[in-house]
Amino acid sequence: MALIVQKYGGTSVGSPDRIKNLARRVARFKALGHQIVVVVSAMSGETNRLINLAKEIMPEPDPRELDVMVATGEQVTIGLTSMALMELGLKAKSYTGSQVRIVTDNAHTKARILSIDEDRIRTDLNAGYVVVVAGFQGVDENGNITTLGRGGSDTTGVALAAALKADECQIYTDVDGVYTTDPRVVPEARRLKSITFEEMLELASQGSKVLQIRSVEFAGKYKVKLRVLSSFEEDGEGTLITFEDPENKDSNMEQPIISGIAFNRDEAKIMVLGVPDKPGIAYQILGPVADAKIDVDMIIQNMGADGTTDFTFTVHKNDMTKALGILNQVQAHIGAREIRGDDKIAKVSIVGVGMRSHVGIASQMFRTLAEEGINIQMISTSEIKIAVVIDEKYMELAVRVLHKAFELEEA
Ligand code: ADP
Ligand code: ASP
Ligand code: MG
């Protein structure tokens, strides 16, 4: 007997038929003697619908109130899922995040889980229930409903698996595993049987939305056995996130150097041009941006011949106008010649632990892009990743040619 947490995404609970299908899968696992906790997202499109509804009333919705109403999407699906399980003769009980007591901080719309009170779930499991928990939501210490950021049901699933010391956390979605890149952009993309935790973390952080990054962080911290699977197939093996020593993986000659390619259209570039090159300038630019709780991703500083520097960084597109407003206020103080924003950019990243032991990967990437006439605007690297910022209109082309150049296609 195993304790398994199964998380189902929006498409997998997108209609009554799909919820019934989910219930049949759970029933099969129950029949094998397993204890099952089900985590569900809202029905596909529902979270977007709720956010747009809020914006019709308040263009910049109040975060606390937005969480109150956006969390209802998952409250609908937990009830429906429990009913579908009951219809199959199973004992089932649903809980919202606040009923379980998934306690988070109070950062509305992007809250972090602080603790989970798993006693109630365990009691129900021991009494033979399938426990159905709403993904994406929690409650802060003062009883306010919070949400965990888009895609946050993955994190609910993995965090529950960690708290319950589950044998496995299964993420059921609309693709049958983690691919070398998004199969919707590159149809030749190949499913990976396994991927190391480090690579998955980089792919998620670079924009591959198959798993929310915090869910991968949780899996790493608590060593949760995590698998991504299709909810439309009966017995696919999906993709296992492994914690094996990457050194061993390097020594495996068959292992490709690059495991995957991620991309992201969500960032905007901000250029602070012609700033005097003196100590403290980076702080004077980024300090006020950080004070406004705007996350900065890539940063580049170039020395000009005339003793001034150009300082460029990226933020989330939604934060561009705010960041520009802040910088315009301090422009005179920092002595910048000009401040510019560009939200027509995309970031494309290649990821692979094999990079550690192979040279020439960056030059191969840059050559491939050059051959297509794609200009690189910014570059950032880590031990297992090279990311470039390019014009957004070349993003899909860049992903396709890199996928081919690094021989990631289906054999
Ligand atoms: P869910 O609603 O089940 O959480 P998501 O839409 O959040 O599903 O994530 C699944 C989607 O992630 C897939 O439909 C696919 O388009 C996209 N995706 C992006 N990168 C990858 C990748 N490397 N492998 C598989 N899917 C990916
Ligand atoms: N329903 C939420 C969203 O659309 C959470 C999730 O699907 O994981 O972002
Ligand atoms: Mg998702």
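Placed from the backbone N, Cα and C atoms, the Cβ positions cover glycine too.
Taking a C-beta cut-off of under 8 angstroms and a sequence separation of 6 or more, Gly9 (ATP binding site) has the following same-chain neighbours: Ser41, Ser44, Ser153, Asp154, Ile171, Tyr172, Thr173, Asp174, Ser231. In the three-state DSSP classification, Gly9 (ATP binding site) falls within coil. Per TrEMBL, ATP binding site is recorded for Lys7, Tyr8, Gly9, Gly10, Thr173, Asp174, Tyr179, Arg184, Lys209, Val210.
Marked as substrate binding site by TrEMBL: Thr47, Glu74. A helical conformation is recorded for Thr47 (substrate binding site) in the three-state DSSP classification.
Annotation comment: TrEMBL describes 270-344 (among others) as domain 'ACT'.
What TrEMBL lists as domain 'ACT' is 350-411 (among others).
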Which whole-number value in Å describes the distance between the Cα atoms of Glu74 (substrate binding site) and Lys209 (ATP binding site)? 19
Any idea what the Cα distance is from Thr47 (substrate binding site) over to Lys209 (ATP binding site), rounded to a whole Å? 16
According to DSSP, Glu74 (substrate binding site) sits in helix
Which whole number is the mean pLDDT over the domain 'ACT' (350-411)? 94
